[in-house]
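Enquirer: Structure below; questions to follow.
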Amino acid sequence: MIPVVALVGRPNVGKSTLFNRLTRTRDALVADFPGLTRDRKYGRAEVEGREFICIDTGGIDGSEEGVETRMAEQSLLAIEEADVVLFMVDARAGLMPADEAIAKHLRSRQKPTFLVANKTDGLDPDQAVSDFYSLGLGEIHPIAASHGRGVTSLLEHVLVPWMDDVDPPEEVDEEAEYWAQFEAEQNGELVEEEEDDFNPQDLPIKLAIVGRPNVGKSTLTNRILGEDRVVVFDMPGTTRDSIYIPMERDGREFVLIDTAGVRKRGKITDVVEKFSVIKTLQAIEDANVVLLVIDAREGISDQDLSLLGFILNSGRSLVIVVNKWDGLSQEVKEEVKETLDYRLGFIDFARVHFISALHGSGVGNLFESVREAYDSSTRRVSTALLTRIMKMAEEDHQPPMVRGRRVKLKYAHAGGYNPPIVVIHGTQVKDLPDSYKRYLMNYFRKSLDVMGTPIRIQFKEGANPFANKRNTLTPNQLRKRKRLIKHIKKSK
């Protein structure tokens, strides 16, 4: 399960600044996530190839009464959900009564907590943080979040030990293997690709059912299972935790993940429901395919788009399900379809299904799209095929000129799966305009017949063999150079 890191502290100690710096590493910020308490933000970040969810819990006012109420309502449950808590203090302001009150609550929770002293730029760190040792939270990590100073050290000493113990792939070795395979195929040699021990067809497809409260997620789960496995009431938020349910359909194993809904801000009254979104985000990360359920009668809301943004940033396969389609007039149905085209036009790779989970209409067709999306996201593609497709795209539409020189695309290989990643090597490829990158992405999608999953394209510059090498003259060139210098001196 992807780890969760919570940022806790008084207002204006720099939590949001650190949050932005952490999440900017992936450019996958989901800020001010609708359905949460005011100023709460969720984002995805990465450190040394390991992903985690970061939560900015908002400020705690610090009065004794305020700590008791605000901590209970906003932060304590976030702390319980988190794997690591970063307790931030202001080194410039010094130790405040609110810091002591917050530290007392954190100590009582017995949650892994690390004290982070922010705003140490221009100060002597040892002297600035000395007062905070009285909080009894052990070592203090001085940083300057606005400038990024000390953040790397914080990540290495605090977050890395809590990440999954999986080393990032050795990119150089993989590329060398792909390049060797490509060279052999170019020379007409018969290349037998090594059999991969991993066969995605042998594993169950993990299917997350997500959406706002009361859109019919649990009803859909029960309809798929054919039994009432999940408690369903006609009121939002009856599901409080993600429920994993194994099942089999048409000889294929699945694991259904029914998640708690994401509710609009201001309508949340039960504190337990406020943090169920963490389970939703973790379920998305854990899933292979995500069913995003939308209420046809309420249309597409900002909460739906925020959840969709997190799914896209996660790179998960996607099937869009428009529920409660029964009983709508033809005129209303046409209006809903127009709204979908307008607001979700950029999601051209996802299948859209119109269903009634309550009555079962259209539910059976979902699994065809789920399997299609899963197969597309896990299919293995050879280097030779990807390079041929890249060359065809280049012939149909040449790359533009950059600083007077044509961008050259050399070869392409697979860089990962679920989502499919295509790595293109060449010269000046990082200067390609976004329009050409989108053209390549769409060309690969059409050529590979990929549906239901996003495709990511990464660009890498080829190494210059003459970089950092000085020109050396041959003996003949040296003699000519001496004669030329003599001639120039005589002419003067």
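Each Cβ is built from the backbone N, Cα and C atoms, and glycine gets one as well.
Sharing the features that Swiss-Prot gives for it:
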DOMAIN    3-166  domain 'EngA-type G 1'
BINDING   9-16, 56-60, 118-121  GTP 1 binding site
DOMAIN    205-378  domain 'EngA-type G 2'
BINDING   211-218, 258-262, 323-326  GTP 2 binding site
DOMAIN    379-463  domain 'KH-like'
Enquirer: Can you check which residues sit near Trp325 (GTP 2 binding site), meaning Cβ under 8 Å from its Cβ, same chain, 6 or more apart in sequence, and list them in order?
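Expert: Same-chain residues close to Trp325 (GTP 2 binding site) (Cβ under 8 Å, separated by 6 or more) are Ala296, Lys333, Phe354, Ile355, Ser356, Ser361, Gly362.
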Enquirer: Cα of Thr120 (GTP 1 binding site) to Cα of Gly211 (GTP 2 binding site): how many Å, rounded?
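Expert: The Cα atom of Thr120 (GTP 1 binding site) is 42 Å away from the Cα atom of Gly211 (GTP 2 binding site).
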Enquirer: Going by C-alpha distance, which of the binding-site residues Gly211, Asn214, Lys217 is nearest to Asn12 (GTP 1 binding site)?
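Expert: Closest by Cα distance to Asn12 (GTP 1 binding site) among the binding-site residues Gly211, Asn214, Lys217: Gly211.
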Enquirer: Taking DSSP three-state, what's Gly9 (GTP 1 binding site) in: helix, strand or coil?
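Expert: Note: Gly9 (GTP 1 binding site) is in a strand by DSSP.
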Enquirer: Roughly how many Å lie between the Cα atoms of Lys15 (GTP 1 binding site) and Gly211 (GTP 2 binding site), rounded to a whole value?
Expert: 28
Enquirer: Across the domain 'EngA-type G 2' (205-378), what does the mean pLDDT come to, as a whole number?
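Expert: Over the domain 'EngA-type G 2' (205-378), the predicted model scores a mean pLDDT of 79.
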Enquirer: What residue among the binding-site residues Gly9, Gly211 has the most other CB atoms lying within 10 A of its CB?
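Expert: It comes out as Gly9.
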Enquirer: Minimum Cβ neighbour count within 10 Å among the binding-site residues Asn12, Thr57, Thr120, Asn214: which residue?
Expert: Asn12
Enquirer: Using DSSP, tally how many residues of the domain 'KH-like' (379-463) sit in helix, strand and coil.
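Expert: So the counts come to 32 helix, 26 strand, 27 coil.
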Enquirer: Find the one among the binding-site residues Gly211, Asn214, Lys217 whose C-alpha lies closest to that of Thr57 (GTP 1 binding site).
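Expert: Nearest candidate: Gly211.
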